[in-house]
Amino acid sequence: MNKKILNFIKKKNKTKIISLTAYSKNIASIIDRHCDLVLVGDSLGSVLYSFSSTKKVTLDMMIEHSKSVRMGVKKSLMVVDMPHNTYRNSKEALSNAKKIISKTKCDAIKLEGGKKVIQIIKTLIKNKIPVMGHLGVLPQSATNFKFKGKEIAERKIILRDSKLLEDAGVFSIVLECVESSLAKEITKTVKVPTIGIGASVHCDGQVLVTDDLIGLNKIKARFVKRYSNIEKQINDAALKFKKDVIRSKFPTKKHSY
């Protein structure tokens, strides 16, 4: 395990871990100043391409966006999602993970699931590919996005899977839409950092989709807090530009050759 990953793990129980998503160099270079982890999430499918789910996201999409993000990330740990149907077995997962790592120079990959993907995770880690786990709501296979952990049987499975992921060697676990007390229990139980998204304040850190954070997405999930309204700022700038062009106030001599 490399030094960057080890330093990330050491943050558990010491300081809250900050994570946001990025799909381009420009956004990555801004959030890198404030993040411990920058995630190139397959959420880019819905955020950038208006896909109804992440299932349509391809490996090539992830690689190209990650290459752009890599140019903007200098400080943070950079993690890339393995998209749907790219890790159906150990052989496929290893081939695609190697491709992601070699072409994007990212620090680690993330994949979804518990018991079903344990052998795949072990294979990747055996081949020195750092893996981040993901439990709770799993967008690549979810039929609904209701929070997880309300029922006792479901709680037991998620808790079991968190221990299995830790034993398999993941360096961190994302908990998505997990009931508060369960997220707290998992965070206390496992020795690796938990990163919550809709999983309460009890996790070791938090992650949000940056476009949600800055107010670019129309749909707002319960777990999202908007810290800015970039949509309004873009709208205002475009309107001012339009008015200047119509009134022949742009370009001026200052902006001409």
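Don't overthink the numbers, they just go from 1 along the chain as shown.
Including glycine, each Cβ sits where the backbone N, Cα and C put it.
A 10 Å cutoff on Cβ-Cβ distances gives Ser43 (3-methyl-2-oxobutanoate binding site) a total of 22 other Cβ atoms nearby, all chains included. In the three-state DSSP scheme, Ser43 (3-methyl-2-oxobutanoate binding site) is classed as coil. The 3-methyl-2-oxobutanoate binding site feature in Swiss-Prot is assigned to Asp42, Ser43, Asp81, Lys110; the stated evidence is sequence analysis.
Of all the Cβ atoms in the protein chains shown, 24 others lie within 10 Å of the Cβ of Glu112 (Mg(2+) binding site). The feature Mg(2+) binding site is assigned by Swiss-Prot to Asp42, Asp81, Glu112.
For Glu176 (active site, proton acceptor), the Cβ neighbour count at a 10 Å cut-off comes to 23, with all displayed protein chains included. Residues annotated as active site, proton acceptor in Swiss-Prot, with sequence analysis given as evidence: Glu176.
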Close in space, distant in sequence - Lys110 (3-methyl-2-oxobutanoate binding site), Cβ under 8 Å, 6 or more apart: Leu39, Val79, Val80, Asp81, Met82, Val131, Met132, Gly133, His134, Val174
Neighbourhood of Asp42 (3-methyl-2-oxobutanoate binding site) by C-beta distance under 8 A, where only residues 6 or more apart in the same chain count: Thr54, Val57, Met62, Asp81, Pro83, His84, Pro139, Gln140
